[in-house]
Amino acid sequence: MIGHRISRLGSTIVKQLAREGYLATYGTKNLHRSYGHYLQSLPVVPRQARTSQEAWFLKSHKFCTSSTTSSENGDEETEKITIIFVDKDGEEIPVKVPIGMSVLEAAHENDIDLEGACEASLACSTCHVIVMDTEYYNKLEEPTDEENDMLDLAFGLTETSRLGCQVIARPELDGVRLAIPSATRNFAVDGFVPKPH
């Protein structure tokens, strides 16, 4: 989630610099999110169009953009797995999730009711999920001490509890079922339903 926000902020900065003439690019460059989704093409500014002020700025300030090589052409599909969210009412909601995305991000992108109040900074337990099958729980990396500290505060803690912001989609987790607890511990007013960030 935070990677996505940084990527959006970076692309906004690059667009603004290009629009104001502080950034010159040679050839068309693509900016990509970490999941390989196309964001935008930057305009081509010929070398002759530089003013002395632009030349000085570019000489004294370095800018760099990059993209993943697997998605530069935009024709390769990102590998995805299926994660099955089990909501508070017991309804199973299967979701396709790109490899490398957190469970919290996947929930927010698919309008699943998983809070994430601290925006994945390991400062709350509102993205608490319960891995329903021990087989899948054993495939996860061990939780860090920081995650365990936050899990101690989680509502309805179980032996297979994890924080959704710390569970990252990997091929071996294809088909994992994650239960969303019926409540969270947060300092919000009763009945308040926060919007995903």
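Please read every residue number as a count from 1 along the shown chain.
Cβ atoms are placed via backbone N, Cα and C, with glycine included.
Annotated features in Swiss-Prot:
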- 1-35: transit peptide (TRANSIT)
- 79-184: domain '2Fe-2S ferredoxin-type' (DOMAIN)
- CYS118, CYS124, CYS127, CYS165: [2Fe-2S] cluster binding site (BINDING)
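Counting other Cβ atoms within 10 Å of each Cβ, the binding-site residues CYS124, CYS127, CYS165 show the lowest value at CYS124. In this view, CYS118 ([2Fe-2S] cluster binding site) is surrounded by 17 other Cβ atoms within 10 Å of its Cβ, with every protein chain counted.
Each of LEU104, GLU115, GLY116, ALA117, GLU119, ALA120, SER121, LEU122, ALA123, SER125, THR126, MET150, LEU163, GLY164 belongs to the same chain as CYS118, CYS124, CYS127, CYS165, is absent from that list, and has a C-beta within 8 angstroms of the C-beta centroid marking the [2Fe-2S] cluster site. Averaged over the domain '2Fe-2S ferredoxin-type' (79-184), the predicted model reaches a pLDDT of 94.
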